[in-house]
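TrEMBL has this to say about the protein:
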type: ACT_SITE; residues: K84; note: active site, proton donor/acceptor
type: BINDING; residues: G184, V185, G186, K187, V188, G189; note: NAD(+) binding site
Amino acid sequence: MPNVFGSPHKGTEPRHEQVVFCQDEASGLRAIIALYSTALGPGLGGTRFYPYGSEEEALADVLNLSRGMAYKNALAGLDHGGGKAVIIGDPNTDKSEALLRAYGRFVQSLNGRYYTACDVGTYSEDMDIVARESRYVTGRTVAHGGAGDSSILTSYGVYQGMRAAAEQVWGSPTLRGRRVGVEGVGKVGHRLVDLLREDGAEVVICDVSEAAVGRVLERHPGVEVVADNDALIRSEIDVYAPCALGGSLDDDTVPILNAKIVCGAANNQLAHPGIEKQLADRDVLYAPDYVVNSGGVIQVADEIEGFNFDRAKARATGIFDTTRQIFVLAADEGVPPAVAADRLAEQRMSAVGRLRGIWLS
Ligand SMILES: NC(=O)c1ccc[n+]([C@@H]2O[C@H](COP(=O)([O-])OP(=O)(O)OC[C@H]3O[C@@H](n4cnc5c(N)ncnc54)[C@H](O)[C@@H]3O)[C@@H](O)[C@H]2O)c1
């Protein structure tokens, strides 16, 4: 059983403010909402609908994901803390109007401490249904005042992070003339290819879906396709952009990676702690995943103010400066960028969160 209360010593283990178990037997809803920190504002993070093997597995996932959101939101410059929810079940067979609305009532019961959004297994149309029971829902369809597909600003943010990494390694913030390998050309990956081609980069891709590869080739016949991720990692690429699932960088892949930069959209790219050090030892610059993929959460957070694409895009452009700041801090403190990013996020949570101590009548 995961240790929900964690350690009282800051930074040694996840310490969550609140974990809520939600059940509605008739609709089959079994959900857990976790709030890691509300130091910067209400928690914001998506709802994952997934057939977890056990309640323990679901709890461990939501604790981990909500903590990740606190760090991501902090470095995205948002006034949001870290929250996340999981619904236990198969989204293909267990999802229903009643279940989503029951879930919405639990979100509403937190009275704005937690804002939800889409994640694996949930879509904007689902958020429209959840929003019939709660005011605290983002990621809604454009028809309902939402921002729509968050992959637009996610890919844009990854591209900004990659420009910052290129500047750090080659002295100029462009991918022109570089060879970029994109693993996974789904919603985010295929848009990233558009941006890279526009910038003048050569692009190599791989994807398990022929349809996804076909869509890219139709738009960019010059893009090279390799069989799988192993072939991509072994190929002569300057930048590796993991945009499929997590865990692409592990003890097997890091030693054979040719790229000088790793920068992609996938969450949790490092298979285990210590990989960031292995990358640094091989002189590979790693742009921390949660920093460069925050364009999506920036996009949905903007809905709370009444969605304005230009305002959200301007904020996502800031990912360039944040990534650059992390590389500078990493160099100054002699730590890998992943460690520098965590430190910067903790600094903002502490410096801004502390202000709540100033009493307002
Ligand atoms: N969509 C967003 O706004 C957003 C925001 C932040 C992070 N992310 C993360 O970015 C990643 C991509 O998200 P997405 O929305 O594009 O998802 P997606 O499902 O649309 O695309 C993923 C693509 O990866 C491919 N893929 C799966 N396994 C593969 C493998 N072993 N090798 C090669 N390709 C493989 C799939 O076929 C698919 O085309 C995910 O890890 C997601 O968590 C997405």
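Here the Cβ of each residue, glycine as well, is placed from N, Cα and C on the backbone.
Where TrEMBL records a feature, it is marked here on the structure.
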residue: K84; record: active site, proton donor/acceptor; CB count, 10 Å: 29
residue: G184; record: NAD(+) binding site; CB count, 10 Å: 26
residue: V185; record: NAD(+) binding site; CB count, 10 Å: 26
residue: G186; record: NAD(+) binding site; CB count, 10 Å: 16
residue: K187; record: NAD(+) binding site; CB count, 10 Å: 17
residue: V188; record: NAD(+) binding site; CB count, 10 Å: 29
residue: G189; record: NAD(+) binding site; CB count, 10 Å: 26
Where G186 (NAD(+) binding site) sits in the secondary structure, as DSSP reduces it to three classes: coil
CB-centroid shell, 8 A cutoff, NAD(+) site G184, V185, G186, K187, V188, G189, site residues removed: S151, V182, H190, R191, L192, D207, A212, C243, A244, A265
Length of the line joining the Cα atoms of K187 (NAD(+) binding site) and K84 (active site, proton donor/acceptor), in Å: 21
Cα-to-Cα gap, G189 (NAD(+) binding site) vs the residue listed as 'active site, proton donor/acceptor', nearest whole Å: 24
Cα-to-Cα gap, G186 (NAD(+) binding site) vs K84 (active site, proton donor/acceptor), nearest whole Å: 23
Rounded to the nearest Å - Cα separation of G184 (NAD(+) binding site) and K84 (active site, proton donor/acceptor): 24
Distance from the residue listed as 'active site, proton donor/acceptor' back to V188 (NAD(+) binding site), taken between C-alpha atoms, in Å: 21
Between the residue listed as 'active site, proton donor/acceptor' and V185 (NAD(+) binding site), the C-alpha gap once rounded to whole angstrom: 26
